[in-house]
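> Below is the structure I would like to discuss, written out as structure tokens.
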Amino acid sequence: MATDSWALAVDEQEAAVKSMTNLQIKEEKVKADTNGIIKTSTTAEKTDEEEKEDRAAQSLLNKLIRSNLVDNTNQVEVLQRDPNSPLYSVKSFEELRLKPQLLQGVYAMGFNRPSKIQENALPMMLAEPPQNLIAQSQSGTGKTAAFVLAMLSRVEPSDRYPQCLCLSPTYELALQTGKVIEQMGKFYPELKLAYAVRGNKLERGQKISEQIVIGTPGTVLDWCSKLKFIDPKKIKVFVLDEADVMIATQGHQDQSIRIQRMLPRNCQMLLFSATFEDSVWKFAQKVVPDPNVIKLKREEETLDTIKQYYVLCSSRDEKFQALCNLYGAITIAQAMIFCHTRKTASWLAAELSKEGHQVALLSGEMMVEQRAAVIERFREGKEKVLVTTNVCARGIDVEQVSVVINFDLPVDKDGNPDNETYLHRIGRTGRFGKRGLAVNMVDSKHSMNILNRIQEHFNKKIERLDTDDLDEIEKIAN
């Protein structure tokens with residue numbers, strides 16, 4: 001695979017991430033010795049809503065922290081455009097009759113057999129004549145490798161012009177996809193890759209000879225229309241990745257539709273999204289005519305394996321004391337503690353450090369790569385406590401997490417219970433068939449009301465726990 005300056009940027013990005021994982025993140029001193037604390041500026045209290053991370057950053061974070069595919073047990077639902085055509089899935093990559101150099105690339109990446117989404121999507125994407133596809137797939141399910149394989153399979157290496165076009169919401173996400181193209185195509189040196197991203201300056205009137213172009217909607221639109229670097233009528237495969245992230249960004253939706261309208265009728269359209277809410281579905285139907293559809297039926301998250309308690313407190317300091325009592329009485333392998341604001345999270349991490357706990361702090365102010373490094377350290381057990389705001393409520397599976405503590409209960413911007421976030425938060429424990437423990441700190445009439453409404457929503461009783469009673473705490477550990 002060619003390595004122009006933008007391809008090199010991919011390697012640099014990867015190297016930066018690797019070095020970040022080994023980085024001892026320097027902490028500001030919080031008085032004595034604060035083990036593993038990353039002190040963040042807290043000039044003003046941030047509300048939970050402000051703290052909610054933008055989707056692109058969350059998506060990038062998920063890519064950086066995934067070392068392997070998610071073991072997904074969800075059922076795949078396939079809706080075919082033509083219900084009379086035979087439906088089949090594959091259990092091995094050999095069944096797809098790939099070009100030998102592509103099969104070699106797939107195996108070199110560590111894929112031994114297709115993932116659940118690949119089993120169903122690849123036969124559709126590689127079918128003749130080409131078929132359009134809308135697919136729902138979370139991070140870590142192998143969907144990037146699937147559409148990259150489809151693009152590489154359609155390319156005619158002897159034709160030196162763009163034949164496959166892939167849109168990503170951000171420069172960083174484009175680089176991540178580019179990295180997969182580089183890896184899978186490394187035994188196919190005739191294939192070249194170009195990045196249509198802001199900052200990649202080309203001479204006006206210049207024609208691109210690379211067969212695959214990956215970029216962000218605004219730049220790709222310029223390259224197709226204004227600058228004429230790409231002849232859209234020669235594009236065979238159009239991929240729109242992370243559609244849910246794309247439509248959350250001002251202007252990207254319209255730009256993507258304008259690009260799609262320039263493409264030939266027989267161009268294969270592939271769209272991927274982690275979620276399928278109405279806005280994404282409407283957008284998908286505008287850009288992908290006559291599609292096959294693959295949906296991952298979401299596994300119902302359950303509270304059945306999680307013991308839930310609440311602790312009555314009257315102040316922040318009392319909540320902290322209750323936390324210390326809990327730690328003093330039971331053995332906790334690893335814990336995640338959720339706070340409402342960055343300021344509280346920073347304060348709590350510092351206080352826990354003073355008590356001698358190995359603490360990591362995760363906050364929206366940190367760079368995505370920094371966050372990935374913190375999560376990796378926690379996953380490796382270098383820190384036993386992860387204090388975080390909502391930034392990290394989803395997508396992080398750490399097998400050793402046995403306790404989740406809601407230092408503050410999750411509420412939406414209107415102050416109502418955020419039931420979905422509650423479920424995702426305490427779902428960090430009780431995974432992998434183990435029993436988990438969730439403890440909720442309640443410090444006011446308002447938070448008691450929130451807790452009662454959460455109980456009603458899930459139809460699950462949350463028991464009161466007296467953290468001053470050592471015997472009672474020891475009982476919950478058994």
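Just so it is clear, glycine is given a Cβ too, placed from its N, Cα and C backbone atoms.
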> Which one of K26, K39, K116, K201 shows up in Swiss-Prot with the note SUMO1 cross-link?
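Of K26, K39, K116, K201, Swiss-Prot lists K26 as: SUMO1 cross-link.
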> Looking at the candidate ranges 91-119, 294-322, 439-467, report the one that Swiss-Prot labels motif 'Q motif'.
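My reading of Swiss-Prot: the motif 'Q motif' range is 91-119.
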> Motif 'DEAD box' per Swiss-Prot sits at which of 241-244, 265-268, 377-380?
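Feature motif 'DEAD box' in Swiss-Prot: residues 241-244.
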> Report, as numbers and ranges, which residues of the same chain sit near the motif 'Q motif' (91-119): CB under 8 Å and 6 or more residues beyond its ends.
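Distal contacts: 68-69, 72, 74, 76, 126, 135, 137, 141-143, 145-146, 149, 152-153, 180, 183-188, 294, 296.
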> What are the helix, strand and coil residue counts for the motif 'Q motif' (91-119) according to DSSP?
16 helix, 0 strand, 13 coil
